[in-house]
Amino acid sequence: MGTRRTLVFLVLFVLTSELAHNTIALSEVPLHGHSTIQYVDGPIGSPAGVVTLPSSVHHAEDRSGLAEAVSSPSVSTGDHLGEAGGHHGVAGEHGTAGGHGGGHEGIHVFTAEFARVEIPFIISLWIFCASLAKIGFHMAPKLSSIFPESCLLIVVGIVIGLLLFHTNSAGVSPLTPTTFFFYMLPPIILDAGYFMPNRLFFDHLGTILLFAVIGTIWNTVSIGLALWGCGLTGLYGFELPLLDTFLFSALISAVDPVAVLAVFEEIHVNEILYIVVFGESLLNDAVTVVLYNMFDAYVGMGQENIKYTDILSGFASFIVVALGGTLIGIIWGFLTGFVTRFTNHVRVIEPIFIFVMSYLAYLNAEIFHMSGILQQHPTGVKLHLKMEEQDVALETEKVEPDENNLTDPDSGCISENQMVSNANTEKLEVDENSMAEPESGNQEEQENSENGSNDKNLDPYAYLKRPEFSSENFKIEIMNLPKYYGAGHLKKFLQKQEINANKMKLMKGYVFASFRSESERDIAMEKLKGATFKGNILDVKLAKPMQDPLIKKRKAEADAEGQKKARKELEGEPLPIAEQITKKTVPYAGKTYSEQLTLKHQEMMTVLKKLTKEIRNAHQQAGPFIQKKKVAHGAICELAEIIPSPVSEKYRNKCEFTVGVNPETDELTLGFRVSTYKEGSYAVGPVSHLAFISDAMREIVSVFEAHFRASGRKPYNPEDHSGFWRQVLVRTNLAGEVLAVVQVHPQNLSVEELESVKNDLKKVAEANKVVSLYFEAVGPKKPGEDPPLEHVTGSTHLVEKLCGLEFSISPLAFFQVNTLAAEVLFNKIAEIAEIDSNTNILDVCCGTGTIGLSLAKKCRRVYGVELVESAVEDARKNAEKNGITNCVFIAGKAEDEVNNLLDTMKKIDAEEGIEGSKIVAILDPPRAGLHRKCCQLLRSAERIERLIYISCNARAAMKSFIDLCRAQSNAYAGIPFIPVKAMAVDLFPDTPHCEFILVLERYRPT
């Protein structure tokens, strides 16, 4: 979008500069006797633009100097080559020096010859000044609230034109119809046609034609008659024939609103208004070209010689010019599309074909005096459709089977940051199977990331034929979306239409939506076909399902198998699987702990410096304040030394272990994945050697592994959905107690057979100090259903002590994975929160309430919100168990419930007669960060003066940081926040990760 605006504004800039130069030149031309005027503007397709004034005007000899001035190629510079003296001479005052003439001057060691480069230098200077103006405009955001950017460039163009004229350096020929219509207008019209919302254009074609045809004819006739009527009064001092006034009025009616369209696009005006104005200017061209040529011919023929056939021919030319230009555009559009089919592997030259062939099409229309502007529209439309098809093809190659970029065709939704939320998103920890990445907590996503077999000849669409549910079977493509919209807007629109999409994937210009059944898909297509969304009429069609990434990858690698083998021979034997697991899960293992802390501190400093830069861009008015606040290394605030974990081994209290096959032993193994399903493998390696796993966890993994091997049942295979044992979730506490969840695929086992499996697991648990055992059968998915956890034996919760409190933890609830380091984290939060007995705490994404409950005794009241209902139940029970009565916990999305909590807080304070209590918000969201709406609500809550943001992945949370700090606007009301303190606590030794804490306060520079 920025490039398009720059192109249009640059044309406006040069146009204005030339007009300023020409206007001054014309004002100083001596007036003497000629009677031919070369018009400086005229419709495209017109002849030379010469109008012969009637004989009654000839006596006014003092007017004709104007025509000579305009007709000459240059007004003020004279013969350019004469002045320059050729390419090798020295410019002289009268053009006599230089070249090879004159006396011998010898060889010059140094020569300054500006005249040789005068024209390209001035053009480059124009572009440079326009670019500087554009930069300055964006560095002074207050200017944009006063006038549009195009106005600035127009003013700069006038100033440059004046300077060029008064310094006598205007060596560039003045603006003429040829220059404008042959060189400046084509790229503007191609750009507008390429990005024009076509459906909107054709939906309002009647209105556009009314303005373009009837409106233009009305303008021409009314202006012509008005001028002729004024002439009858003797106001001009001479007689002005009617046909001459019509010729002039046809010329005036041809002015295209290029500047208006540029401003419209800049301020994002209503799309219907934009398309009507654009369409009128587009079709207006065909009308004015015909009118101008027709009246020009009538003037030449003389009024008395015009016959009725001439009049009919004039009207017939309307159709010829319009349809002829359109037909040429269609032909060249298809021709360009055909040529660009062969540029997929040489994409760098594709833009050359697009611009050159569209320009040739424009000139082709001009050869036959057709409408060049009308020609560019179908060319641009066809090129846009062609490029969109190629983008879809490329996107299909890049995106794996699921539209939502997950690893299996059946899982997940797009992220909160894209404004379409996943209702099952859980608090994020660090992925047990990839310690270098914080965990998603989504078991489906992890199970589907498993590793696979070596068969490279399977059908990449085979997963669609299985009995298991896959929404890829019921996918549609929603097209003709508006230029500017958010995923949240689209989601709300679909909800109003009572359309429940299972998942969505936003692409450029279109959206993929999947449904849970054929009937839901068909109903959605029926409702969306022709529906209006933000002024655009939507179109919809069936979409092709994506390929299985595992099979797709294997097919791609099949041809390179020989090369791979040769490379392996050269590189030597691959790493043992245990070392692969270590490298993948704990990449910092082998480094001293002090080295790890240094690396993590450097990473946090890099993030803080990037955040400083991003905040300056998003809140430019705060630039001087930020510059003043900057500390060493260019960060907006101090970064304290990273706080180490009290323990660096056996610290993990939760892991999810996958059941698979160890490729080295070909035995069933309970451990971590070596790779991912998406990467083409689902092999599993052992974990007993990993230092972060506790003794109790290591022991129970060994016990379950032995039991699974002895059962005779195979591990689950995510490629063909065969096998039984899937994974085991294990939680432990500091006392060494174990909670386990065994997950299986039931296949076709009867209820009795599954009961037998559970009884066997119960015996194993009771014999090995498993205090809580759950069973989960995850088979073929059914619409709207998630498999429930079934409690088999022992207690329902695991109990852990933290900060002097007891916490009951359910199987799927969030709890920090390093208990002792979490206590250090919570104590540090209590220290920097600066709370007292008059402080209310808003605990966003509170999990089981650990942070809020640990602070409850130091504050007035804690208000927590959490998405996972079981975690909220745990939080309430934990408060009751510890005798804490000043906590309120509710279940729901933070973006939906924050306002309710603030209202509840205000209501309770009013009931208790408390006024002016301060609010400190503590945010501990999932890795992807807060929902945009939640950031908006926190900013608009005036009583919140301090935020403490805790993130296990500061880079992923960057958008949330910026949204909290960006400049005030309609979308982001309230005084923005600004970082005042940063620190980190290491909860994940041997990995690159740590918990980043950012303290933010309201931006008040005074």
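Quick reminder: no glycine exception, Cβ is built from N, Cα and C everywhere.
In TrEMBL, annotation is done automatically, which means it is predicted and not curated.
For 1-25, the entry in TrEMBL reads signal peptide. Among the features that TrEMBL reports, region 'Disordered' is placed at 68-99, 395-416, 429-460. Taken from TrEMBL, the feature transmembrane segment applies to 119-137, 146-166, 178-196, 208-234, 246-265, 272-295, 315-340, 352-374. TrEMBL lists 406-416 with the feature compositional bias 'Polar residues'. Residues annotated as domain 'RRM' in TrEMBL: 474-545. For Q816, E866, D924, the entry in TrEMBL reads S-adenosyl-L-methionine binding site. Here TrEMBL flags C952 as active site, nucleophile.
Rounded to a whole value, the Cα-Cα separation of E866 (S-adenosyl-L-methionine binding site) and the residue listed as 'active site, nucleophile' is 17 Å.
By the Cβ criterion (under 8 Å, sequence separation of 6 or more), the transmembrane segment (178-196) is in contact with the transmembrane segment (272-295), since 3+ such pairs are found.
Mapped onto DSSP helix, strand and coil, the domain 'RRM' (474-545) counts 22 helix, 21 strand, 29 coil. Cα to Cα, Q816 (S-adenosyl-L-methionine binding site) and C952 (active site, nucleophile) are separated by 11 Å. Separation of the C-alpha atoms of C952 (active site, nucleophile) and D924 (S-adenosyl-L-methionine binding site): 9 Å, rounded to the nearest whole number. In this structure the residues listed as binding S-adenosyl-L-methionine are Q816, E866, D924; their two most distant Cα atoms lie 15 Å apart. Within the model, the domain 'RRM' (474-545) carries an average pLDDT of 83.
Take the binding-site residues E866, D924: by the count of other Cβ atoms within 10 Å of each Cβ, the lowest one is D924.
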